[in-house]
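Peer 1: Pulled these from TrEMBL:
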type	residues	note
ACT_SITE	B:196	active site, nucleophile
BINDING	B:159, B:185, B:196, B:282, B:406, B:411	substrate binding site
């Protein structure tokens, strides 16, 4: 079950000039299933990424970091390869060897250096990557390369996702239109059988060297780093923005008036994709927006939004459509703001002012809270009353199905 | 359902000289139910406490802190009063007034100063305390005072607990025997309908001024602060140790050879009580011990134990008896040790060595992991391979019943 998540329409997913995708069936975990995706970038493209902070990060994440850090010494990044069915995490030296072999094999097929390839894996942890299956299927994926394969690409990276996730936008700038299209996958933050977050966005905009790296970090913080399903940080989380520079829009610096236009469009698309993951969250029946305002710093707002979003008691209350205000206030209280004056805290459920000055709003009627809780999309707004910083996060409820999905044996 | 938690036997709960309990039915939330407990201490007793760090802490917690901080200026602590059915949290100035009124009413009945009384409340948050019901029932509780009411006291503080929790021990010291008896309650860390942690331990040992305060903190850290059910820190958590000094054992300083004997006995009893809360955890079907060794500091061991204990993915895997090692390794990886070398990490499930040098132990057979996972008590041992510090935590699994219990509407 998903929460207000319509299937993406193929025609809505705009091709990005200079960016191609090819899909193949490598039979990594199951036969007759798209499980291998190759993506290629035209010469002169730029690529930036944000990766999991998990110390048990997967081999491909380590290789991605190294290849991105080489900063063009062996040629710019020109290709990406994603396999599902196996995360290549917790696999030690052999795992590193397999990730590098994947890059080398694709580089050979595409006439590149191995360092120009970024590898991604998602699926079960602690199992060796079936490298020979991947290498064998790469030529088929390369032969399939094309600009209009976004929908198939979104399908090819699915694991426990119940449907493909993709979105597209064309934004007008003073220098002409920019096309941005992206795909992502994920349903639990980590799920060895299988679901870790991957996100790829491509655009035909051009950026001066260096600009894309900081922009990708900013976008990630306000999109994929602002969602939680179960709070588990995966071993494989990766988010990539690619800019082919094939449109008329070339951005030289952050002071370029089009920088803000493109950044907002990228952020909007990244948020939409990130929210798709929440809408398809394991067992999700509700989509919740936790909006924290009035903080001294954005970081303390994030702490509060995270505590509320992550509390199993808050999440089960939403599943039950129970306006259980005490649980939300308690989560605010333990979020980690040591000098929080609770008497300044206000809270709204949708349009209903439920907590006033740290206690129950005298005019609050439970029937009003109940009405809001029955909706499938609910916003909790919390005013900390101590500054002007804000942070919003998105999450889903905790249902019986979450337990069922995650208690199912892996095989 | 509980995990290996036999009902305490009345005869096993030894009276503590100088300590009495009286129970009454105040009808706070439901009629015909023990919901009010008064405890009294002989003159010369000492009391120390550890309380929730939640900023939305309840009014009684604030009053307890103030009365304990007065350090005998208005007379030593001589009485405690506990009500269930209402947490008196998120109740603002009125809540403070009600907590103080409760103290004043009991002080009058017992001929004490109000500052000599500690108040405790547990139950629903954000509802006004029915102060008149409590004040009316106090005389009945006082009339019921007696040394052998431990079992009834344990029953009187229950909320969503499925059974009373109490334990007792007599320890021999070189100066004679010391009796220690305690009760506690809790099933979810916080649950407005209702369940927050309360723990009370009384002993007839005598302590020199000041000794009990640091000892209580130490005991709490290795008992009630080392358990987690759902990770939510309540607004009302309180843990109290009382020493009446009515036995022949008088401890003058930490260098007294009997200090260690009594401390170990207090810690043993506190751990037993704390583990009872986990064994009666909401929806629990398994009792898990997470033992982290080989850390640089105890704090980093605690971070790892907490991440593993708190992960919904780990907890659902235990519910499913699934030896899903990747989930445990992933939790270790995101616990917050930035310079963790995962290649030094070892892990055991019970007696089975499952992860070796950060990856799957080559000799590990899934059937062995499966065998351990089917037991009702499971120890996960994690060696970080970077020092000599250790920390153990206790937790339970995450089952369908947890969701059912917490998704039930409050009324």
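Every residue, even glycine, has its Cβ placed from backbone N, Cα and C.
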Peer 1: If you count Cβ atoms within 10 Å of each one, which of the binding-site residues B:159, B:406 comes out on top?
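Peer 2: The largest 10 Å Cβ neighbour count belongs to B:406.
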Peer 1: Less than 8 Å, Cβ to Cβ, versus chain A; work out which of the binding-site residues B:159, B:282, B:406 satisfy that and list them by sequence.
Peer 2: B:406
Peer 1: Need the DSSP three-state call for residue B:406 (substrate binding site) to compare against my parser.
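Peer 2: DSSP assigns residue B:406 (substrate binding site) to helix.
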Peer 1: Within 10 Å of the Cβ of residue B:185 (substrate binding site), how many other Cβ atoms can you find? Include all protein chains, please.
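Peer 2: So the number of other Cβ atoms within 10 Å of residue B:185 (substrate binding site) is 28.
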Peer 1: Test of understanding: give the count of other CB atoms lying within 10 angstroms of the CB of residue B:282 (substrate binding site).
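Peer 2: Neighbour count, Cβ to Cβ under the 10 Å cut-off: 27.
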